[in-house]
Amino acid sequence: MPSRKKTSMFASAFCTCVSSFVVICVVLATPRWVGSEVRFSRTNATVTISLAYGLFSGTCEQFVDAGLQVSETTFQVADALSSTRSRSLNVATIAVLVLALLSSLLSSGFTCTNAVSNPYQTFLGPVGVYTWNSVCGVLILIAMILFPVNVQGNSLSEELAHGCSTSLQTHLGSKHSYGYSYWIMLLVIVLNIASLIIIYFYDHARYSKKKEQERPIENAPKDVILF
């Protein structure tokens with residue numbers, strides 16, 4: 001059975017890993033990654049398309065000239081994308097987040113195992129927790145880079161706007177603001193770092209205790225050692 005100190009520290013790390021898993025689920029499920037206002041010209045009119053969407057679905061509203069509003073509609077991102085590059089990056093972002101979700105799940109399993117037992121394999125101990133938490137954090141960082149690249153590099157909002165309205169002509173400009181579904185990915189990175197810090201302190205304390213136990217033999221008088 002693990003010591004009380006080990007159980008409490010790995011239990012704390014388990015809570016941060018589970019929280020990370022839950023936050024990633026929220027990130028995938030919510031459609032508030034970005035809000036965009038895209039302006040187009042139309043014959044004798046200017047049209048503003050207001051979009052709010054995530055990786056799977058979104059909503060759009062259309063405003064014509066002096067505030068005439070067309071009713072809000074919903075759309076599926078995958079169905080509205082015609083560009084191969086935009087669709088590929090969207091799928092890549094989803095895939096990266098799913099891998100981060102699996103890494104977070106594995107990290108939760110490793111911390112739970114160490115909280116209730118003493119695994120004999122090294123990789124099932126702190127090394128495994130370090131590995132999967134680091135992998136999860138890196139994957140989240142990649143997702144946070146891929147999505148803005150798709151929005152602003154591949155003109156994702158402009159492409160989705162064309163699916164919300166017809167007869168759009170010249171693109172006049174766009175404004176983007178990233179929503180809570182995007183920014184809470186920073187919380188996942190913070191939780192991963194917290195898990196790493198907890199396990200590091202446990203590992204460091206264990207190493208220090210081991211050195212202290214070895215020190216009396218090293219410092220013992222020679223006659224005692226000979227005896």
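The backbone N, Cα and C atoms fix where each Cβ goes, glycine too.
Remember, it's a predicted structure, so these values are computed and weren't measured experimentally.
Of the listed segments 49-69, 91-111, TrEMBL assigns transmembrane segment to 91-111. A Cβ distance under 8 Å defines the sequence-distant neighbours of the transmembrane segment (123-147), meaning residues of its chain 6+ beyond its ends; these are 13, 17, 20, 24, 33-34, 55, 89, 92-93, 96-97, 99-100, 103-104, 106-107, 110-111, 113-114, 182, 185-186, 188-189, 192-193, 195-196, 199, 202-203.
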